[in-house]
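Quick notes on the structure that follows.
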Amino acid sequence: MPELPEVETSRRGIEPHLVGATILHAHIRNGRLRWPVSDEIYRLSDTPVLSVQRRAKYLLLELPDGWIIIHLGMSGSLRILSEAQPAEKHDHVDLVMSNGKILRYTDPRRFGAWLWTKELEGHNVLAHLGPEPLSDEFNGEYLQQKCAKRKTAIKPWLMDNKLVVGVGNIYASESLFAAGIHPDRLASSLSKEECDLLARVIKAVLLRSIEQGGTTLKDFLQSDGKPGYFAQELQVYGRKGEPCRVCGTPVVATKHAQRATFYCRHCQK
């Protein structure tokens, strides 16, 4: 599933081609996504794009009379095309722009979403979200406060959007490795120093992935059709049985809430 770095990479890739241009029309080939494509999107015509923003794993296209909310789901990606190209099986949505560009949404598993709202505030998919991990609000003090009475393992707690948004399976595993914290540790057992370190490394890991265009393991592509290259830098995720890059101990795989977790027994305590 695309996580925060992949969504932010998509935002940065499409923004220069959309902002200041006008949506001539939308071409919906298959509107049966996780939720049906909103009727308002079908009716788009001569609509300027004012901004392209991100909240958690949602892309937000600001229009004069409302917002398009895009979620990439499990396998979605957005590409900018310079000219019309024949659509393939999983190309479900096109936004045809006045500058000759086409924003194409591809989603083999159709777990993504294209929604419309007049106002962002209070929309159900954006309500009850925690802070952005790259914001000043997310820091060691905040993390310690939220972990203090939490009797659950730290790995699934990091993936809870009520705590912090956008830290999915890949980056939770990678951040815990970078901080030397075992994923099974109770959140409440983390010291102030460990919370400070973990908050810092989460930011560092996410920023490094954004610099590399995100992580492509299967479906994700950047807006220019290229894969993300952070997969080459993964320390533990997806490396079950391979030697730890630090100590050589085989990487272990386990599960938390049916999600794979990877860690090093020697480096993480």
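Even glycines carry a Cβ here, placed using N, Cα and C.
There are 28 other CB atoms within 10 A of the CB of P2 (active site, schiff-base intermediate with DNA), with all protein chains counted. Marked as active site, schiff-base intermediate with DNA by Swiss-Prot: P2.
Annotation source Swiss-Prot lists active site, proton donor at E3 (among others). In the shown protein chains, 23 other C-beta atoms lie within 10 A of the C-beta of E3 (active site, proton donor).
According to Swiss-Prot, the feature active site, proton donor maps to K57 (among others), an assignment based on sequence analysis. In the three-state DSSP scheme, K57 (active site, proton donor) is classed as coil. The number of other CB atoms found within 10 A of the CB of K57 (active site, proton donor), across every protein chain shown, is 22.
Residues annotated as active site, proton donor in Swiss-Prot, with sequence analysis given as evidence: R259 (among others). Every protein chain shown contributes to the tally, and the Cβ of R259 (active site, proton donor) ends up with 15 other Cβ atoms within 10 Å.
If you take the C-beta of R150 (DNA binding site) and look for same-chain residues 6 or more apart in sequence within under 8 angstroms, you find W157, L186, A187, S188. Annotation note: R150 (DNA binding site) sits in a coil segment as assigned by DSSP. Among the features that Swiss-Prot reports, DNA binding site is placed at H90, R109, R150, with the record citing sequence analysis.
Residues or ranges marked as zinc finger in Swiss-Prot: 235-269. On the 0 to 100 pLDDT scale, the zinc finger (235-269) averages 96 in this prediction.
Ranking the binding-site residues H90, R109 by other CB atoms within 10 A of the CB puts R109 at the bottom. Considering only the recorded positions E3, R109, R259, the residue whose Cα is spatially closest to the Cα of K57 (active site, proton donor) is E3. When the zinc finger (235-269) is classified with DSSP, helix, strand and coil residues number 0 helix, 12 strand, 23 coil. Spatially, by CA atoms, the active-site residues P2, E3, R259 include one closest to R109 (DNA binding site), and that is P2.
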